[in-house]
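Here's the structure we're looking at; comments come further down.
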Amino acid sequence: MAPSRTHAKPANSLTTAEDVATAAGAEWDAWSSPPPPRPPPGREAPRQGRGGGVNNSNRPTHRPRNTPYLPTPTERALLAAYPVLLVFGAVFSLLSPETRAAPYDAARHAHTQDPALAPSYFARKDNVFNVLFVKRGWAWVSAAFFAFVLSHPAVASAATRDSNNNNGGNGGGRLLLLRGRAVVRWAAVTLWWVLVTQWCFGAPLIDRGFRWSGGKCDVARDAVREGEADAGDFFTAAACKASGGKWSGGHDISGHVFLLVLGSFFLVQEVGWATARWARVLAEERSVVMHDGAVKGAGAAGAGAAGRRARGDETGEAGAAPLGLGLGSLVGSLGHGGRFAAAVVGLCVWMLLMTAIYFHTWLEKLTGLLVAFTGLYLIYVLPRWVPALRGLVGLPGI
C-alpha cells in the first residue's frame, strides 16, 4: 500500500468525482513505476542542453577500426603526396618556357648541362644538393635514423611504458628490444635499397630491368664485336659509364625517385609514430592481426592486459589529444634527433620535386615510385597482418 502524501489544495481544485479518480490514478502510476535505468559504468546519461536539446558532448565516440592490410588514412594521405608532387613537377616542366626550350638528353635523363643553357641551377647534376645530399642520400637517411633512435626519449618512454603495463618487466631489456627491432627495420629498408640500386646477386634490379627491357651499352656492343671484351663486363650502368659508354634503349627506373621516396617515408614512419605516441598526439591507430586471427589496435596488442585495465583502454591509445590541437606539441617534441630527421625529409621532398621537373620521363619516375612503395609495404604494412614477421621487426613506436 502506497504511503499517504499531503498535497496543498490548488487554486483550481477538483470538483467532480471523475477528476478526483483520474488524478489519483496518475499519482499512483508515477509512484509505482520503476526508476529509469542507470547508464552502464563508464558512460554518462545524455545531458539536456539549453532549449531542451540533448547535449551529446559526453557520449563516447567509436571510430571504425582501420584495416591491417592497408596503410592508415594518415599514412595514405602522406603517401598520396608523392604522386601529387610528381604530377605537379611534370605539369610545371610542360608549362615552363625555360624547361621546354632547353634541349633534353634522353641518354643522360636530363636537360643540357651547359650552365648557360640549363633551365635552372637544380637542373644541373653538379648542383651542390645533388652532389652532397642525393648522391650520399642513404648515408644522410641512416645518420638521421640513428640520431633519433639513440637520443630521443620517445623510444625509452615506450620501453618504460610497456614494461609497466606488463607488471614491472625489465625496462632496460625492453629498451634494447625496441631499439633492436628498429635497427632490424633499418636493415630491411637498407637491404631493399641495396638490391634495387647497388647489387642483386650481380647487377642491381634497376640495371637488370634496363637490360630486360632492351637496353644496351653502346661502347660494349663495339668492344664485344671486336672481341676486346665480354658482354658481361658491361652489365651494369657503372661499368658502362666507366668504359666511356652510355645506356641506350630500355626502361631506366628513376633511382632518384626511388631513393628519395624510400628514405623520406622510412624516416616519417620511424620518427612520426614514436613521437606521436610519446607526445600523445594520435588521431588514429594501426590495426594488427593476432595469432588467433583477431584484429586489435596495435597499441592494445603491444601492451599487457594489466596495462590496458589500468588505463581503462582497450585500444591502447586512451587520452590522446585531437590531431589538430596537438601538432604544435608534436613539432615541439621532436628533439634534436627528430629535427635532424625532419630536415632530411624536407630536403628529400625538395629534391624529389626538382627530379620531377628536370629529370627522367614520367614513366621512369612512376616506376621508381612504385618500387619504393613496394619496399615500404613489405616492411611497414605486411607485419601488421603477419604476426610472425611482426615479432621480428616490430612496429615503430611500439
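From the backbone N, Cα and C atoms, a Cβ is placed for every residue, glycine too.
Just so you know, TrEMBL annotations never went through curation; they're auto-generated.
Listed in TrEMBL:
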type: REGION; residues: 1-72; note: region 'Disordered'
type: COMPBIAS; residues: 33-43; note: compositional bias 'Pro residues'
type: TRANSMEM; residues: 77-95; note: transmembrane segment
type: TRANSMEM; residues: 137-156; note: transmembrane segment
type: TRANSMEM; residues: 183-206; note: transmembrane segment
type: ACT_SITE; residues: H256; note: active site
type: TRANSMEM; residues: 340-360; note: transmembrane segment
type: ACT_SITE; residues: H360; note: active site
type: TRANSMEM; residues: 366-382; note: transmembrane segment
With pairs fewer than 6 apart in sequence excluded, do the transmembrane segment (137-156) and the transmembrane segment (366-382) have three or more C-beta pairs that lie under 8 Å?
no
When counting Cβ pairs under 8 Å to the transmembrane segment (340-360), the leader among 77-95, 137-156, 183-206
77-95
Have a look around H360 (active site) and count the other CB atoms within 10 A of its CB, chains all included.
22
Please report the DSSP secondary structure of H256 (active site), reduced to three states.
helix
